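According to Swiss-Prot, the feature S-adenosyl-L-methionine binding site maps to G35, G36, H37, D55, F80, D102, Q109.
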Amino acid sequence: MKNNFSHTPVLLNETIQNLDIKNDGIYIDATFGYGGHSKEILKHLGKNGKLYSIDQDPYAIKIANKLKNDTRFNIIHGKFSNILKYSNKNKIRGKVNGILLDLGMSSMQINNPNRGFSFISDGPLDMRMNPNTGIPAYMWLKKTNLTTLYHVLKKYGEEPFSKKIAYNIIAYNKKKTITRTLELSKIITNSIPIKKYRKHPARRVFQAIRIYINHEIYELQQALEHVLNILIPGGKLLILSFHSLEDRTVKKFMIKYSKPPFVPPGLAITETQLKSLANKQLKIITKIFPSTIEIRKNPRAHSAILRVAQKNNNE
């Protein structure tokens, strides 16, 4: 199938500016997607610079392969939660000048009804980031129970009508397996008062199911555990999130590593040990929101938050 999708990276200029790209630096774009950020990073890299991009979506890998003639560029097909493994394999652990994670879905994924992410276009109810692994959304919905579905919608969608929606989905599935996106969207829409929503009523539920079946929060937490081991002292960490669950996870991580650990009063400890404990591993630089102009041009930017931090030099 010919790919006619386009994708405008959110906060692109702000991202490149805060990465502060060095001519011969080493960078990781942990979410290649449609390649907008990677292509822009390559424009700023010198001939001796290196960019390692990661994506689990096979369609993104096909797009990335168009850049394979650029000797500075390396594409890795896999989950960004394995970022430490990839860094070790490429012998760049502790040498990376900047890591970027854009946690938003690409237009390529949303606008292709065959991927099953859209609640306004009909397609198979899939929702897998990598269609070759895991179970599709329709299969999980068929196997799950009311309690689990309710908790997923409540936790990952923050959906106020989770109980009623979960009940109606389970009840419908007992009569007929839900296999299409618009089929699910209609069940959700019929479950709640339309006047309660300014946006599409199925938005939160689709988000919750997608996050759950792709283990998105777990994947993010795993990646965050390793970034400090990968960055060079002074290296930048940029994370672009699009909903509160992601942003809370990122914010919690940055705050945790930007403060020295708690030392109980009266604990027997040497001055050297105390100085070592006082070292903060991360410095929070800023958080950036898209401008009104950008949101007008690119509506998907409205919920974006770019958080920027820098690994401290404690040596």
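The backbone N, Cα and C atoms fix where each Cβ goes, and this holds for glycine too.
Because the structure is a prediction, the values reported are computed rather than measured.
A map of Swiss-Prot features onto the structure.
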| residue | record | Cβ within 10 Å |
| --- | --- | --- |
| G35 | S-adenosyl-L-methionine binding site | 23 |
| G36 | S-adenosyl-L-methionine binding site | 20 |
| H37 | S-adenosyl-L-methionine binding site | 28 |
| D55 | S-adenosyl-L-methionine binding site | 27 |
| F80 | S-adenosyl-L-methionine binding site | 24 |
| D102 | S-adenosyl-L-methionine binding site | 25 |
| Q109 | S-adenosyl-L-methionine binding site | 22 |
Kindly assign D102 (S-adenosyl-L-methionine binding site) to one of the three DSSP-derived states: helix, strand or coil.
strand
